[in-house]
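Student: Okay, here's the structure, questions in a sec.
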Amino acid sequence: MKIEAVIFDWAGTTVDYGCFAPLEVFMEIFYKRGVGITAEEARKPMGLLKIDHVRALTEMPRIANEWNRIFGQLPTETDIQEMYEEFEEILFAILPRYASPIHGVKEVIASLRERGIKIGSTTGYTREMMDIVAKEAALQGYKPDFLVTPDDVPAGRPYPWMCYKNAMELGVYPMNHMIKIGDTVSDMKEGRNAGMWTVGVILGSSELGLSEEEVENMDSAELREKIEVVRNRFVENGAHFTIETMQELESVMERIEKQELIIS
């Protein structure tokens, strides 16, 4: 078994440590309507197409009940569309500030390319959003061989279509010769649904939800407890492997190739 390509997520995996760009915006669009949502709630659907993320938030029982208490009805599709339009407007303005490659990513990508590994990517951002992020990331030294957004396929995560399109464009098959790596539950489901080796990265992830400063300053026992919670969540949602940092990816690849493991 030889791994021929790795498909990376973007925010929380290769750029934007902690996946903070969309978080505050999701909270803001609800707050403006008198409905407070927590950071934990805002993060839960992370990785989905962003309008689906807004919709998922409105369907959470506590948020739906609070909305109903204030407005006398549940959120409508018009409400969702209006909030999404506001989300886009605010996010576009701040995205360039959240496109810096996470520490160590560029070095890992360079090492993979030296081994002849192709680099693909998928995202929950729209094509218009990624035009901003990808351009800024490229200026800072990170540019995958191919990028697929939910706009390019019939549906985003957890459907496997973005991974399939990467495979076609990169010319790699079968799918178990590829690794999908991401930082959310929806990434794990996307990879498994595509029949790929699926890896969850923990530090810098949306699931962990901590900044670099918070990680550095946190009590080691508390940090370890949080890491294990995320690790278990990834495994429960289909991850074949979990890594704490991107630097561990190549050792995972070697395990797959040397031990002839079988996807289950």
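Cβ coordinates come from backbone N, Cα and C, glycine included.
Just lifted these from Swiss-Prot, have a look:
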ACT_SITE  Asp9  active site, nucleophile
ACT_SITE  Lys50  active site, schiff-base intermediate with substrate
BINDING   Asp9, Ala11, Asp183  Mg(2+) binding site
Student: If one looks at the chain holding Asp183 (Mg(2+) binding site), which residues at least 6 apart in sequence have a CB under 8 angstroms from its CB?
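Tutor: Spatial neighbours, sequence-distant, of Asp183 (Mg(2+) binding site): Asp9, Gly12, Thr13, Cys19, Gly47, Gly200, Val201, Ile202, Gly204, Ser205, Ser206, Glu207, Leu208.
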Student: Are there any residues in the same chain, six or more apart in sequence, whose C-beta is under 8 angstroms from the C-beta of Ala11 (Mg(2+) binding site), and if so which?
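Tutor: Counting only residues 6 or more apart in sequence, the Cβ neighbours of Ala11 (Mg(2+) binding site) under 8 Å are Cys19, Ala21, Pro22, Tyr98, Thr123, Gly124, Tyr125, Val133, Ser206.
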Student: Relative to the mean position of the Cβ atoms of Asp9, Ala11, Asp183, the recorded Mg(2+) site, which additional same-chain residues have Cβ within 8 Å?
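Tutor: Everything else in range on the chain: Trp10, Gly12, Thr13, Thr14, Asp16, Cys19, Met46, Gly47, Thr123, Gly182, Thr184, Asp187, Ser205, Ser206.
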Student: Give the three-state DSSP assignment (helix, strand or coil) for Ala11 (Mg(2+) binding site).
Tutor: strand
Student: Taking the Cβ of Lys50 (active site, schiff-base intermediate with substrate) as reference, which residues of that chain separated by at least 6 in sequence fall under 8 Å from it?
Tutor: Pro22, Tyr84, Phe87, Glu88, Leu91, Gly124, Tyr125, Thr126, Met129
